[in-house]
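A.B. asks: One structure, pasted below without further comment.
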Amino acid sequence: MSGFGKIFGGVAWSIISNFTGAAYSFFSVPVLLSYFGKQYYGLIGIALSVNVYLRILDMGFSSGNIKYFSAYLVQKDKTGLNGLFQSSLFIYISIAAVNAFILLILSIFCQSIFKLSVEESEIFKQLLYILIVTSFPIWGANVMEQLLRSYDLIAWQQRVLLLSKIGQLAVLLLTIILKLSIVNFFALNTFCYICIIPLYISRINKLNLGISFIPRYHRKTIAEVLPYCLSVFSFGLFQFSANYLRPVLLGIKLGLTSVTDFRLIEGIANLILMLGSSFVGVILPYATKAKTLGDKKAEMQIAGNGTRYISIFLAFLIFGIVLSSKELISLYVGPQNVYLAFWFNIWALSLLGLHNSALSSIVLSGNILKPIVYMSAFSSVLSLTLAWVLMDYFGMGGVIISNAVYVIIQMGYYYIYYYPAKLGYNSIAIFLHSFFFISLTVGCLCGGIYYVFDNTRFSNLYYAIFFKEIVFVIIFIATIYTFFLTNIERVYILNRIKNIKI
């Protein structure tokens, strides 16, 4: 399979897998909210937010491993490959122990930190105990995923991951049918991911790379990889904080009700986030190989065309959802929550910042990371401080506004300084032609369609969504095809359509 075919396959299956995960998040929220109630569902939100935030303990190895696994594979260095794999297993198991210890301490003081009742505190502790037990196999599986991605098996890995997400859908149904408790639901839901680990082990063994699954610390290998990983960890720490501390801050300052409001729109936002974040992990191995081989042409293709394709996808996804956000939220969690559409739209539009995924892959494939660390620290601290202050005035909306500020600061820094000064790119051209004009055009289309249908009365919400979206899709396809694709791309698409067999 060609490099383009592998990238396309990886992206396609990542989107399918992430869409399934996002669909689960989307549909599970109203179901679980109705089944467990607003207060108890908020416990799941806090537990998952705390556990996700502890992913910063990864210390940058997720990106570092993919970068160096890819380089070792290009160089056919099996010794370095196995050394990094064993060392990563050793480090990740150690991280799992730290993860478990932090969750254990949190379980002791959770009642006072999150202002929980005695009953809520007991349930929350059990949720944390489940995360403690499962942290060890889950952290270990991360290394296996990184190796499979580096070996261009992204499509296969995403198909396997899809199985776990289908399992989560089954658990959701069983919970309602069998009337399972919140603890039983959480345990089965977490176990779905652990079930696919044997498939990872089997696939890696079939690659004949001389990989050993016995954790072992290789000092020389880690000495080579660690400086890069720590640089990624440094700015990753602040990015994680800006993203995943928001519901925790809400829980501390405003209580479980605000966390639940946040989670209601997070279910829809996660659909965008999961699909939009499909690209970095897929493109990073190829960006690393382009860097290793000194292929500047391939690097520029990733920077320019990659950003354009991602921008087109995000514009379609985000503006398509924003167009019908009121109807979607009304159907999703009830008409009494339509007021959340305003905050959701701000959140969704800020996710256009994901368009730089291709450029981020190039950045991570290199070693010029120190400037990013400083800017991430500044923008994250500013964002979280702003969130804490704005919650007094806008409630849950304060964390949405602060996140939008974070995205704007980051984008400004990259395009004004980092891309031209550190990578030598014509960042203004990339920004305008690969992102801004596309987003502005699609945004205007969205606004025009909304204006036309604003005073139209439909017999039900499904008709409103259907008619608005069908008009949007038709005009979007015609506009993108006419103005934002090259002749070669148009010919390629027409040939693919002609070859479709009915």
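Each residue, glycine too, has its Cβ placed from N, Cα and C.
Because the structure is a prediction, the values reported are computed rather than measured.
As annotated by TrEMBL, transmembrane segment applies to 7-27, 39-57, 89-114, 126-148, 160-178, 184-201, 222-242, 339-359, 371-390, 396-416, 428-453, 465-488 (among others).
Explain the structural surroundings of these features, please.
C.D. replies: Only residues 6 or more beyond the boundaries of the transmembrane segment (89-114), in the same chain, are considered here, and those with a CB under 8 A from a CB of the stretch are 46, 50-51, 54, 57-59, 61, 120-121, 124-125, 128-129, 131-132, 135-136, 138-140, 142-143, 213-217, 222, 251-252, 256.
Long-range contacts of the transmembrane segment (184-201) within its own chain (CB-CB distance under 8 A, at least 6 residues past either end) are made by residues 32, 44, 47, 126-127, 130-131, 134, 137-138, 140-141, 144-145, 148, 157, 160-161, 163-165, 167-168, 171-172, 174-175, 213.
When Cβ-Cβ distances below 8 Å are used as the criterion, the transmembrane segment (222-242) is approached by residues 53, 55-56, 58-61, 63-65, 67-68, 84, 87, 91, 364, 367, 369-370, 372-373, 375-377, 379-381, 383-384, 403, 406 of the same chain, each at least six residues removed from its ends.
Outside the transmembrane segment (371-390), and at least 6 residues removed from its termini, the chain residues within Cβ reach (under 8 Å) are 231, 234-239, 241-242, 245-246, 249, 253, 363, 397-399, 401-403, 405-406, 409-410, 413, 417-418, 422.
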A.B. asks: Using Cβ atoms and a strict cutoff of less than 8 Å, what residues sit near the transmembrane segment (160-178) while being 6 or more residues removed from its termini?
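C.D. replies: The answer is 13, 16-17, 20-21, 24, 27-28, 31-32, 35, 184-185, 188-189, 192-193, 195-196, 199-200, 203.
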A.B. asks: For the transmembrane segment (396-416), could you work out the same-chain residues 6 or more beyond its ends whose Cβ comes under 8 Å from its Cβ atoms?
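C.D. replies: Long-range Cβ neighbours of the transmembrane segment (396-416): 242-243, 246-247, 249-250, 254, 258, 261-262, 342-343, 346-347, 349-351, 353, 356, 359, 375-376, 378-380, 382-384, 386-390, 427-428, 430-431.
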